[in-house]
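Participant: What follows is a single structure, and I will ask about it in a moment.
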Amino acid sequence: MRRDRFLLVVTLAAILAVDAYFVLLPRLRTWYHLPKSGCTCQGVDGSTGHGGWVRQRQPNATSGQGSKLERLLSHPLYNIRLPEIAPHERLLEKEELLGYYKKKVTRWERQQKLYVEAAAASNISLPGQPVTFDTNASWLKFHLGINRYALYSSDDRSIDMLLQDMRSASVIGADYTQDEKALKGACDCSQVVKPSGHHLKLALKLQDFGKAMFKPMRWEVNPSYCDTIKRLYPYSSGNRLLNIIDMAIFDFLTGNMDRHHYEIFTKFGDEGFLLHLDNARGFGRHSHDEMSILAPLIQCCIIKRSTLLRLRLLARPEYRLSDVMRDSLGRDPLKPILTEPHLQALDRRLEHVLRTVVRCVKRLGEAQVVVTDFVEASMGATEREWEKTRSQTQRRKDG
């Protein structure tokens, strides 16, 4: 009889443990990430005790004209006038690209003519695949607009045209060869882009000849990896390390856990921007925030001032990140792109980023953490916005 009672108790305990793990624990995690409306720990300035760097969520602001995205892009931190772009600062020359484009069209027409003639000799009919040489093609304008500062500007109308054309353009062929993989024809990574990776790939062959891929990021397994990388070229000077941290923040916001390399245009040298080409693992689990993605920021404790200012702006209710993302994706022909839980995750992860910066500032001081970058240095309004925000925060504290 005692043995039966013991088995009954063990069974009930096991059922309770399973229920707690699979039902109660996920609910607690979800509850933990919800805003605490009854929290009394906020300061007089409406912050959540992070020195004014992280703002408490508030209801959507409706003041002002236009959408939040339009107001954001008209803000001085985003409405930045780039310097006059010299010819050598553009990735491609118009005459060179048009010549390459025309050569590809001519080659296609010649091949199609040969195919049709060969098919006719075999008494086979082939559908025609006409092509056009359009000097106003949206993809052509997009490629010609790439410069050392950015892939495109926020007011570039060719981007909307490109998205619309991709929605309705006719497909005349599919390429799986080594051709057509770069802007200038066959891919030559030493001339067009330079891949750079910072992790180890270890292919494990198992006893039954199964295979497993083990690829931990060095940032994740070595807590002092930043000290090593700072001494290496090109991270020892310039903006490369700061750009890596920008990329880590972007990946954390989107939940991309597979950033094992990046590319740059070698024409622009070491100060060129990074290309975030592989984002396939982004927006996977909206309920999980993978903090290891932020390892470069956590270890190095440095961030561009322009990046920090923009992140803080996106944490404000009138420019909330989830809202401007919703507005932006609403223009996409394939809308809706993201579900609401993914949009809400952006706001939650942004708070994590700002809290990480706050901890760095408390430990090392603002002067060592927040680094002036060339974009901010070329725009006086950005500096005024920074000083205005700091003075407002200080006045709230003093009040």
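Cβ coordinates are placed from backbone N, Cα and C, and glycine is handled just like the others.
In case it's useful when we look at the structure, here is the feature table from TrEMBL:
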- D258: active site (ACT_SITE)
- E263, D278: ATP binding site (BINDING)
- D278: Mn(2+) binding site (BINDING)
- 217-370: domain 'FAM20 C-terminal' (DOMAIN)
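Walk me through the surroundings of each of these features.
Facilitator: DSSP classifies E263 (ATP binding site) as strand under the three-state reduction.
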Participant: Per DSSP, to which secondary structure element type does D258 (active site) belong, with helix, strand and coil as the options?
Facilitator: coil
